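Remarks on the structure that follows.
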Amino acid sequence: MLEAKWTREGGWEAPKIVPFHDLTLHPASSVLHYALECFEGTKAYKGEDGKIRLFRIKDNMKRMNSSSKHIALPEFDIDEAAKCIEELPALGVNESNSALFYTIASPAGPYFPSGFTAIKLLADTKHVRAWPGGTGNKKLGSNYDGGMYPNILAKEKGYQQILWLFGEDHLVTEAGLMNAFIFWVNDNGVLELLTPSLDDGTILPGITRDSILQITRKWGEFQVTEGSITMKQVLKASREGRIREFFGAGTAAVIAPVKEIGYEGIDIKIPLDINDPTSESGPLAKRIYNEIMNIQYGNIEHEWSTVVE
C-alpha cells in the first residue's frame, strides 16, 4: 500500500510503498467520532498488450483535494500523487493536526453479485441523501453511512438500490452510490440523455459521469443535458412510452442498467433492449459501457488512460 503522512508542523512526509497492514488509530481520532475522512475509488486495467492503465487518475486526485479542503484536511500536489499511485500496481470537532494519505490495491470483480444485469431501484420519498449547501458533492465517508439502513429496507422489498430524491417535487438525484441517467424523449419531443446537474451541490461530480457526457456529446446523435427531472416526469414519460433507458454510472459498476423503479406503490417498468428480450441492458448503456471499457483496457488509445511503466 502507498501512504504519506502529514503534520501541521512538518507538512507532507515523503510517500512510501509498504506491505499491506492494519492502521493503528488513537481512540479519540477525529475520523472515528466526526467522520473526518475522504476517499476515492479508481481502477487499474491490464490490456491485451500487457500494459497496466489507470483511468482518469488525476481527476480522482482533483476531486479528493476538493473533498479534503471541505473538511479542513490537507491538500496535496495532484501530479505527484498520481505519480505515486502509478507506482503501486507495479509494486472536539476541530481541524486535524495530522493526516495520513494512503492507497491500497485489490483485485476488482463485478460490482453486483449477479454481474452485468439490470437492477431494480426504490425511489425513496422518506430518506434524504444530500441537500443544497451540504456535502453531497464531496467524496466523504459520512455521505455513505446514512444510506445503509434505507438500502437494507429497499433490499427487503426486492430492490437492489435506492433512487435518491430531494424536495417536495421528488427531484431525482442519485441511483444508489451512482450518478443517474435517463435516456428518453423529453417533454418537448426531443431525444435526450439527461443526468441531474451539479449546480446545487447535492450530486457527486462522478468521473464516469463526466466521461459519459464527453463521449455522448462527441457522438452528437442526441441531446445531452445536465438538468433536473422529477419522479412525476419519469412516471408520466413511462405511461406515454417515452423512456428508452435508465441507468446508473460510477467507478465500481461503470454502468448499471435499470429495469424497474418502485415509486409510491407503483412499479415503473423501464425498457431494456426491445430487439433482444434476453438482454440485461439497453443498447445505449451497452454501447457506452463498451466504449469506456475499451479505453480502460487500452483497446482504444485515449488521453484518459495513464500507462503504468
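The backbone N, Cα and C atoms fix where each Cβ goes, and this holds for glycine too.
Just so you know, TrEMBL annotations never went through curation; they're auto-generated.
Residue environment of Lys139 (N6-(pyridoxal phosphate)lysine) contains 22 other Cβ atoms, counted within 10 Å of its Cβ in all protein chains. Under the heading N6-(pyridoxal phosphate)lysine, TrEMBL lists Lys139.
The secondary structure of Lys139 (N6-(pyridoxal phosphate)lysine), as reduced to three states from DSSP, is coil rather than helix or strand.
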